[in-house]
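Q: First the structure, then my questions, so here it is.
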Amino acid sequence: MGAHLVRRYLGDASVEPDPLQMPTFPPDYGFPERKEREMVATQQEMMDAQLRLQLRDYCAHYLIRLLKCKRDSFPNFLACKQERHDWDYCEHRDYVMRMKEFERERRLLQRKKRREKKAAELAKGQGPGEVDPKVAL
């Protein structure tokens, strides 16, 4: 998990996205029929369940079900294993999706930098395979 932090400090920081900032590329870039992620739990449901701000993510509806199950079957804490599993699995999928988005952003930044470098070389007249006239003489 810390590899992106090491690459930021030891590698080229211009092609490493900041994990605390929003992505710079649109989410449907390269995926025209990609659907936008939507929250299942509404703001009112999360307020009614008194969820902390850190827990209000795309898996909040599973957490609300888990907390309700724990409340309803209080002494029997093992009764909510399926709800706990559903919430953990949703958190895992969310984490994997965020890591894929981070990697996608990193690759798009690298591609953008390569294209800018290639355009700058072509503007100077020194593209790949071309020889500078001074060197040719």
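Cβ coordinates are placed from backbone N, Cα and C, and glycine is handled just like the others.
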Q: Which candidate, CYS59, CYS69, does Swiss-Prot give as the disulfide partner of CYS80?
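A: In Swiss-Prot, CYS80 forms its disulfide bond with CYS69.
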Q: Give me the Cα-Cα distance between CYS59 (disulfide bond) and CYS69 (disulfide bond), rounded to a whole Å.
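A: Counting only the Cα atoms, the answer is 16 Å.
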Q: Please classify the secondary structure at CYS59 (disulfide bond) using three-state DSSP.
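A: Going by the DSSP assignment, CYS59 (disulfide bond) belongs to neither helix nor strand, so it counts as coil.
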Q: In whole Å, how far is CYS90 (disulfide bond) from CYS69 (disulfide bond) when you measure between their Cα atoms?
A: 17
